[in-house]
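Student: Below are the features listed in TrEMBL for this protein:
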TRANSMEM  B:7-31  transmembrane segment
TRANSMEM  B:56-81  transmembrane segment
DOMAIN    B:61-253  domain 'ABC transmembrane type-1'
TRANSMEM  B:102-124  transmembrane segment
TRANSMEM  B:130-154  transmembrane segment
TRANSMEM  B:174-194  transmembrane segment
TRANSMEM  B:232-253  transmembrane segment
Amino acid sequence: MQTVTFAPWNDPNEKPLIRFQNVTKKFGDFTAIGDLSLDIYEKEFFALLGPSGCGKTTMMRMLAGFENPTQGRIELSGQDIVPVPPNKRAVNMMFQSYALFPHLSIWDNIAFGLRRSDMPKNDIVDRVEEMLKLTRLEKFARRKPHQISGGQRQRVALARSLAKAPKLLLLDEPLGALDKKLRQDTQFELMDIQEKTGTTFVIVTHDQEEAMTVASRIAVMDEGRLIQVATPDRIYETPNCVYVADFIGDVNIIEGRATSVGPERYRIDWSDSLPPLTATSATPFSDGQGCHLAIRPEKVSISTERPAEADNAVEGKVLDIAYLGNLSTYHVELPGGTIVKAQTANTRRISRRNISWEDSVWLSWTATAGVLLAE
Amino acid sequence: MMRLSWFNVVSLTLGFAFLYIPMIILVIFSFNESKLVTVWAGFSTKWYGELLQNEAFLSAAWVTLKVAVMSSTLATVLGTMAAHVLVRGGRFMGRTLFSGMIYAPLVMPEVITGLSLLLLFIGIGLDRGVMTVVLAHTTFSMCYVSVVVSSRLVTFDRSLEEAALDLGCSPLDAFRLVTLPIIAPAVISGWLLAFTLSLDDLVIASFTTGPSATTLPIKIFSAVRLGVSPEINALSTLMIGIVTVGVISASLISKQNLIRQRKEERQAVRAQ
Amino acid sequence: MMRRFLLISVPYFWLLILFLVPFVIVLKISLSDTALSIPPYTPTFDWSDMGAFFRALDFENFLFLTEDDLYWKAYLSSLKIAVISTFFTLLIGYPIAYGMARAPEEWRPTLMMLVILPFWTSFLIRVYAWMGILSSEGFLNQFLLWTGIISEPLTILNTNTAVYIGIVYTYLPFMILPIYSALDRMDGSLIEAAEDLGCSRLLAFWLVTVPLSRNGIIAGSFLVFIPALGEFVIPSLLGGSGTLMIGKVLWEEFFSNRDWPVASAVAVVLLLILVIPIVLFQRNQQKQAEAEQ
């Protein structure tokens, strides 16, 4: 979904829609957010990703106005919104529980926010119809929330929060209550609606796949800090630390010591008995510095014979095979006990597996396959 | 589900017999011809007729009803406010004292509550009558209301209120348009509880009332002290009848609503 | 902020004035002189002159309570009656609650309603119903004579036995409901697991069911014990002249003897006795609430 041209965060002249400036939020002695600064631009689909308790929900609630920062400033279009109460903010939120009013019909739920403004009655009717159409809920307008399915409730919640055409829409785990299949369909629907309405979306999620699918940029959070803010592909391919590499997707981490062997090329001594590995890195490492080599399993090839030309090749024994249908993941134990995962795509149907448990196999990868991380 | 053993059947049967036989006897003998309550002498509704002629009972019933309506309405307003403070109030000066004052009246012996309120009313020179009974009843029944309402508020999904604020409601509007309609069943049962407590109260009313306002329980108590009488049986039957009809229909209505809601939810899932 | 202040202060001041202040008055009168306070009497609230107020206080009325053995006998007898009737309520209530929790799911709301229904009917009427049953020519005696178990009518009404029956009967729902809700929450497979591990039915009940319903038993017992201790209606309708209960004593001290300071002192002592079970009850409720979270 990422278009080449849409990258306002790279344009120094672009004004951010939202700006967190050195924001700290404390609950008693507990620091939920610690001195955090972040810019989010108009029309972005921005994801706050992290485990529960990392502060992502607090960030969102500060944007909605349900929490106020202990220190720092939050700007919306250049204006400090900290003193503005939630009912006066041009920000709407889609709640994790959807928070649909059970005593009101779908129609009245969607109209609820519009009726609080000074919009003329006819315009309200038009706007509600428009939202019903956008979310394909025309047939259910007269029903009550308990009379529709979970997926439909999710769309009502979305329609209700979009009805007032907010500058910013906050989505708190919007798909958390749906089953996996429905969730995938809904992800694309969300992206579609975001594009159609041109609203800036900020989504909070703990599901990395969901963040990768929908977001233009992802902020990975942990313990109230931003760990990395980047586009999904950069987060995946060039994580800036072991935490991010480990949090997003599957990864092999090999710990060792780096020694420079050429321009941006390093030798990694990682085992007493096995030969050193080779990896490239744009970030410099001093000789003897401790490092972690992070390699995605799909970038590790597995073969029964020693590959002729490979930057790195190690021999090991197959411990486990996980057959996932489209993919197979091999868990290979190297001498010394390290376990490395290798993944292959099952491109042929019922090909006779030539690798089995206890087999001795070779794992290989190129010098550019992995990322060298300091911590 | 486990099979009901003979032991369970016997204990349930005996238990409910114990709970209901006294009341059933009471009802049956309200239709007794004889003045003697314990000897059956043929069917008659004459005691009901006499009851309706009895000015003293009728006026006492009227006073009781007035007191109950006023005190339960006032108690519902105050109790709902108190519940909101308990559940949502956050921290404020004297919070512990406040919650203590909410829970203490629930376990306070009525004689103490009655005595202390009487001494207050005398102390501030308030004439005892309907007004003082209303004040007394409101005070103890607001605590019951606040317990009922706060147990509902605790499970109330707070994001509903936040959604209302988020969509532009002022806090008061959010309460009026979202919270109140949803917690209405709890508020109504709080009112009913307060109403019944007020109808039922003898001790506190005896302390706090004056000669001008005799409530029905006071009247019944003074009549009953002299022994059983068929007229009281008839009155009791009427009261039991009203309560039974009320409780049964309330539970039927709520059961029907629940069944309907479940059915609609199932349909919604299937339609998906 | 104004709104929040109003929301808090209205119920707060209501309770302060109509609940807390009256207690202070009771305390004050219990510490004042009898002669001055016998009605017609208008207590003078000289809050400004605190010194004189405290000088005027004495413990005469409390000393009086210890001198006249009527009072401590009444306290002891109330405690005894409350303990015994709580025990019998538990004995009768537990099997009913247990049977309800084991009953088929679709019966349970109806059984619940049958337990709650008496609670909504007038307390006075429920006590009154027993007067006709327990009197010497009442239904119980008629029935027992008819079956031939007894040959002479028993005297039950106007004895302590009638008071026990009255308390058990009127407070039974308070015992059943908390025990039922504890048993209802219990996972039925726990009993099966205990039996699977070699317990007999009875042993499984004793080792699993009873401990798991402990909080319900405690809550129910306090809900019966606390009001039973200060009970007035039951001893005055079903009890006899020999039935001493403190609620009745207080009532008579106030309405018949018109000795307000002594009545107030009786109330203060009753309250002091009740503080212990009330605090224990609160702690049990709190523990339970925490366990549920």
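The backbone N, Cα and C atoms fix where each Cβ goes, glycine too.
All annotation found in TrEMBL is predicted automatically rather than curated by experts.
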Student: Considering only the recorded stretches B:7-31, B:56-81, B:102-124, B:130-154, B:174-194, state which has the highest number of Cβ pairs under 8 Å to the transmembrane segment (B:232-253).
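Tutor: Most Cβ pairs under 8 Å with the transmembrane segment (B:232-253) come from B:7-31.
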Student: With Cβ-Cβ distances below 8 Å as the criterion, list the same-chain residues six or more beyond the ends of the transmembrane segment (B:130-154) that contact it, or say none.
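Tutor: Same-chain residues near the transmembrane segment (B:130-154) but 6 or more away: 63, 66-68, 70-72, 74-76, 78-80, 82-84, 86-88, 101-106, 108, 113-114, 117, 121, 183, 185-187, 189-191, 193-194, 197-198, 201, 204-205, 207-210, 212-213, 215.
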Student: For the transmembrane segment (B:56-81), find every same-chain residue at least 6 residues outside the stretch whose CB is under 8 Å from a CB in it, and list them.
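Tutor: Residues 130, 133-135, 137-138, 141-146, 148-149, 187, 190-192, 194-195, 197-199, 205, 213-219, 231, 235.
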Student: Report, as numbers and ranges, every residue of the chain located at least six residues beyond the transmembrane segment (B:174-194) whose Cβ falls under 8 Å of a Cβ in that stretch; write 'none' if there are none.
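Tutor: Residues 71-73, 75-76, 79-80, 137, 141-142, 144-146, 148-149, 151-153, 156, 160-161, 163-165, 246, 250, 254.
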